[in-house]
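> As annotated by TrEMBL, domain '3-hydroxyacyl-CoA dehydrogenase NAD binding' applies to 7-190. The domain '3-hydroxyacyl-CoA dehydrogenase C-terminal' annotation in TrEMBL covers 193-290. What TrEMBL records for HIS147 is site 'Important for catalytic activity'.
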Amino acid sequence: MKNAIKTITIFGGGKIGSGLVQIAAQNAKKVVLVETNQEQLKKSAELLITNLGKSARELYKEEYQAKQYIEQIMGFVTGTTNPTKAVIDADLVVEAIPERLDKKQELFRHIDKATPTKTIFASTTNSLSIGSFAENSTRIQRFVGLHFFYPVPETKLVEIVKVSVTSKETLDSVTAWCKDIGKTPVICNDSAGFIVNRLLLSYISEAIRMTERDDATPQDIDIAMKLTTGSPMGPIQLADHLGHDTILNLLANFKSREPNNSFLTPSRSQKLLVQQGKLGTKSGEGYYKYNDLKHWITNYSHRYNNKQHWLKHYQLWKKNCEKEVLQNLDN
């Protein structure tokens, strides 16, 4: 199918929004990035240029070539603080603002009348109901969820979330566009957690409940699942990496939609960790301590083949720079 989506407007240039702008522009799509004020627009543009710089250095050895590449990609991007002007020519409008239902609903209501009737609306929410936005829109048949995963440029998957009346034409157009920008789309209904988060949080929650019942230690659960699935992290480590505050917020949103689902009930120990400020790798401690040399040796030292490389990454870990470590684990 020929893709009818040529121009997209993205509201919000944070981690997900910026990544989406990047991959769209890198695939020669016209992108309009919308922020609430000039200062935020400048920050979002700087983040985008920084991320493009990383890509450019991987593609080109010469500095002038990298600079030309960045300029070429940025030529597809326009920034604005005027939301109604931003949607006039849009084929697809994507909302990527923080996870607040009232703010997202307000945004879609505000831009609905200014947007052409052919335009598809999408939200990047990872936990809220797509129907809660679509039902108040004049274009409910042209409304979908587009759940991208961080980091957007590197993660192939995108979940396309449909409501009961989403049209086939809309799904076909969005699917074609996702493929055009190098993603692998999967389609699901508007159920709590969609596909990945629903299964992932159920998996994590049951692993944590196993530790609470003394069925097994966190270490043995993680070792068992890493060896049998080939994953780099077991469920307890993954929970620490995602952040226990983040997980509890997701579970709360899911539980509000399915109050009788026991798999979506937060665990006692996880709630206690959050109360104590032990959020996982970002705070230095969760179910594991991340300035603990023994933990580092057990779980990560095997990835490094020389002492200098090992020490470099251990020091980053010890300082709780989990982002830098995880990005460089396989370098």
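We count from 1, first residue shown onward.
Cβ from N, Cα, C; glycine included.
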> Can you count helix, strand and coil residues in the domain '3-hydroxyacyl-CoA dehydrogenase C-terminal' (193-290) using DSSP?
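So the counts come to 62 helix, 3 strand, 33 coil.
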> Specify the count of other C-beta atoms within 10 Å of the C-beta of HIS147 (site 'Important for catalytic activity').
25
> Where does HIS147 (site 'Important for catalytic activity') sit by DSSP, helix, strand or coil?
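Looking at the DSSP assignment, HIS147 (site 'Important for catalytic activity') belongs to a strand.
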